[in-house]
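Engineer: Here's the feature list from TrEMBL:
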- 23-46: transmembrane segment (TRANSMEM)
- 39-288: domain 'G-protein coupled receptors family 1 profile' (DOMAIN)
- 58-76: transmembrane segment (TRANSMEM)
- 96-118: transmembrane segment (TRANSMEM)
- 138-160: transmembrane segment (TRANSMEM)
- 192-217: transmembrane segment (TRANSMEM)
- 238-261: transmembrane segment (TRANSMEM)
- 267-290: transmembrane segment (TRANSMEM)
Amino acid sequence: NSSDISPSSFILASIPGLEAAHFWMAILLCSMYILAVTGNCAVLFIVKMEPSLHAPMYFFLCMLAAIDLALSTSTVPRALSFYWFNTREISFDACLVQMFLIHTLSAIESTVLLAMAVDRYVAICHPLRHAAILTNAVTAKIGLVAMARGVLFFLPLLLLPLPFCSSRLLSHSFCLHQDVMNLACANTTPSMVYGLTAILLVMGLDAILICLSYILILKAVLRLASWKERLKVFSTCIAHICVVLAFYVPLIGLSVVHRFGKGLAPLVHIIMGNIYILVPTVLNPIIYGVGTKQIQRRILNLIHIYND
């Protein structure tokens, strides 16, 4: 019951026992997608229109918003067509492209989060040199390096052809590398090892360097004279810390479920996958909107103008 050729399509997974509730699940998914698109577009618009926000921190935030828009758009519309119109099949080529985009965009986001941590470190530990170190040109180069790093590390996943068994049923409503590899008939060890290595060298290394940046930041903050000064300086990092947690906690949770949760109910895999895709894209603009006074002020000005 197996074939040595790639299947023409894969079957996306439904939530067991909730097939009758697909319409309402689609409404929830669509609402979150609209929030993600609206929030991230608002961030891009506000930073573009506000000259005082033309600084490295906010340029990195724009990169983050663009990545979240691309990530949610590459997955959610296809999932919505599944839940609304029961189009469960996704072509093999479309699945591979979606898999590549998910992992590549996640790697780019991880690199941008690291760059934002470095920005906070330089701003707090070397404030007089911040403008000289993180110029607009350097910020643009970091963005290009982040893109190249994500593409180069995860492009080989598309170049490792494997035969697939007759089973075409995935564990999620979108395509992930680990999920697709579980359907292969041949030895998937090289592909799995490469995928894990790429994740460790990108997301794993970035997480370690982000932690190191905050250790250095904490040392600098604790050298300040008063607790009031310490809290004021460290408060500039709160939004970034929340965004880092919103990205890495679902990523780690999904990785653990895929590696060690073979005996878990399919519902756990599906929920973790949806959290990984949707939660960061929805939360990031909210976190920075609430935690950044300049963005808050611009949003309030726009609301006031609209009401007038």
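The backbone N, Cα and C atoms fix where each Cβ goes, glycine too.
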Engineer: How about long-range neighbours of the transmembrane segment (96-118): same chain, 6 or more residues beyond its ends, C-beta under 8 Å?
Structural biologist: 57, 60-61, 63-64, 67-68, 70-71, 74-75, 78, 90, 142-143, 145-147, 149-151, 153-155, 157-158, 174-177, 180, 195, 198, 202-203, 206-207, 209-210, 213-214, 240, 243-244, 247, 251, 277, 280
Engineer: State the residues, same chain only, that lie 6 or more residues beyond the ends of the transmembrane segment (58-76) and have a CB under 8 A from a CB inside it; answer 'none' if no residue qualifies.
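Structural biologist: For the transmembrane segment (58-76), the list is 29-30, 32-33, 36-37, 39-41, 43-44, 47-48, 98, 101-102, 105-106, 108-109, 112-113, 115-116, 119, 136, 139-140, 142-143, 146, 174, 243, 277-278, 280-281, 284-285, 288.
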Engineer: Who are the long-range neighbours of the transmembrane segment (238-261) in its own chain, taking Cβ under 8 Å and residues 6 or more past its ends?
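Structural biologist: That would be 64, 106, 109-110, 113, 116-117, 120, 176, 178-179, 199, 203, 207, 210, 214, 268-269, 272-273, 275-276, 279-280, 283-284, 287-288, 290-292.
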